[in-house]
Amino acid sequence: AGIESNVGYASGFFQIKIKLPNKDFSGVVLTSDPDGKGGNHDELDFEFLGSNGPPFTLQTNVFANDEGGREQRFHLWFDPTSDFHTYGIVWNQHQVVFYVDKTPIRVFKNNTKIGVSYPSQQLVIQGSIWNGETWASGGRKIDWSQAPFVASFVGFGVTGCQFQSSASKDQCYISSPKLWWNGDKYLGLDPAQRKALQDARTKYLYDDYCSKHADIHKECQINKNTSY
């Protein structure tokens with residue numbers, strides 16, 4: 001099953017409230033992501049890896065120019081099956097910030113100056129639920145007797161700049177009251193947000209691509225306060 005926006009975007013603030021299936025859904029992956037299409041695509045992922053109770057795993061990933069492999073996994077500090085929680089992304093030409101209930105959990109900085117690809121193409125917004133038993137649950141197979149696996153979505157909010165054409169894309173990067181997410185306030189995190197980010201990552205991040213493949217991804221080789 002899946003949903004997709006009718007238009008694409010080149011920057012913005014995107015959020016939605018999600019409640020996961022309240023049953024054993026090991027091997028099921030729920031994804032809510034602005035997702036590019038075709039070759040050399042860009043993609044920003046929230047992926048919920050199914051389980052049969054805590055810990056509940058949230059995986060984030062960033063693709064840029066078809067370069068992925070940037071998975072980071074967190075154990076959520078709440079039960080995402082019992083109530084709705086808000087998941088959001090701010091995306092501008094300075095940084096991508098992933099939020100859970102307004103807490104920043106990941107920052108991906110624009111480091112094109114050192115050769116790191118950065119999401120810059122048209123992105124649509126997608127949500128889907130699909131079979132990921134080969135990798136998402138540590139080898140545990142889906143118990144199909146538990147089907148259907150129903151996820152609920154409410155409070156969908158998009159404050160974004162619609163992508164019109166490659167020639168006019170730069171208009172989505174200017175700072176203005178209308179495009180507030182491009183302003184100075186969103187060049188980086190403020191001190192309180194940086195502390196919240198570090199606390200969340202210290203307590204709940206348990207699998208980070210930078211700890212495995214720092215030699216492959218240049219952003220892993222610079223100051224961690226600059227790129228996570």
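Quick reminder: no glycine exception, Cβ is built from N, Cα and C everywhere.
Residues or ranges marked as domain 'GH16' by TrEMBL: 1-153. Taken together, the residues of the domain 'GH16' (1-153) have an average pLDDT of 90.
As annotated by TrEMBL, active site, nucleophile applies to E43.
Cβ-based neighbour count (10 Å, all protein chains) for E47 (active site, proton donor) stands at 19. Here TrEMBL flags E47 as active site, proton donor.
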*E43 (active site, nucleophile) has how many other Cβ neighbours within 10 Å of its own Cβ?*
20
